[in-house]
Amino acid sequence: MNRKIALTLLLTASATAAIAGPIEEQIRFRQSAYSFAAWNVGKIKSQVVDHPETFNKDAVAAAANAIAAVANSGLGALYGEGTDQGVGWKQTRLKPEFFQKKAEVTVAANTFNEAANELAKVAATGDINAIKAQFGKVGESCKGCHDLTRIKE
Amino acid sequence: MKVTIHIWDLPLRLFHWLLAVAVAAAYITAKIGGSLIDWHGRIGIFILGLLVFRVLWGFVGSTHARFLTFFPTPSKLLAYFKGRWHGIGHNPLGALSVFALLAVVAAQVGTGLFANDDIAFVGPLFNFVDKSLSDRLTGLHNTIFDLLVGFIVLHVVAIIFYRWVKKTNLVVPMLTGKKQVPKTVAASLTGRPVRGVGAVGLILSLIISCTVVWGVTGGIAYLHPAESYEQTAQATQADPGF
């Protein structure tokens, strides 16, 4: 039993310490993840907010699932030490303070995860007004993280 | 002996207070974000309309609204600093502040038209530039905002200074349009023609302002369709399997 716990601890420790890969690769993958999310955010914005007459329940539900999938994919793994400097598809805009604000970042990231998962749930119902309201909350959670971690252009 | 004169016409006062409220609302909606970012965009377009109106009103409005009446030439500024300027309406330093505020708000609106928030909002002219240029203009939009705050603070501090140090209330005339001036000053102005609000100028200014707003929000895209981010967002699978 004790050996099992020790082994688990060891594995956890080594997993945490594992190098997430070359800095450029981490930056490139996270930029890709957010770009993919942005495409799906754009679909919901267009079909739910700007042009509700084009609302396609299945397309919006698929988009919400895609955003939730990005949120649940463990993006934190792509924010290794030193990734505030470097070029992925383009220069990263991660603030150096990111690494000193881990607690706040965790809160902001969880807010996004919860908002995105809730959006996927609401989107499945096809209730356009509820989707619109929850979509606004997702937008706020995006902004929360951007304000905290991203250098302004 | 003081006499009351009409100084700020109603369209000018409406412009002033609507601009103040709209800038505050634009700030709040941008700060909160989420669904309110769309309102930030709408307010920005409203401010564009206000600005176009003010520029036109600077040519066809009543006397003290006209740019030529209060344009701060170096000689006027010099006279003001030496205490030799005795006019009514915007004094030369105040006139500089007017032009600076108008220019900064115009730059803020201009960059906002092309901006994006990297979440779910793009300005109405976003499709006419590429994303990297839009990002740069968004950055300028952030920077210019700080400049705008600086000018607004200066504007308010100047009003407080005039109120407490120079014993001149600038707020009441901007609300009522009326100002009390010494009879000697009023008398010295009687030789100059004072223009009131002309109906034709007012209507034309309003029509042109609305046309510019329509052009930015739909007209340009209608006359000159650009490939849009909407198309990507609306595109559906041609083949359900892929």
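One is the number of the first residue shown, and numbering goes on along the chain from there.
Every residue gets a Cβ built from N, Cα and C, even glycine.
As given in TrEMBL:
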type	residues	note
DOMAIN	B:8-177	domain 'Cytochrome b561 bacterial/Ni-hydrogenase'
TRANSMEM	B:12-30	transmembrane segment
TRANSMEM	B:42-60	transmembrane segment
TRANSMEM	B:93-115	transmembrane segment
TRANSMEM	B:144-165	transmembrane segment
TRANSMEM	B:199-223	transmembrane segment
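Sequence-distant contacts of the transmembrane segment (B:12-30) (same chain, at least 6 residues past either end, Cβ-Cβ under 8 Å): 36-37, 39-40, 43-44, 46-47, 50, 53-54, 57, 61-62, 64-65, 105, 145, 148, 152, 174-175, 177.
Regional average pLDDT for the domain 'Cytochrome b561 bacterial/Ni-hydrogenase' (B:8-177) in the model is 94.
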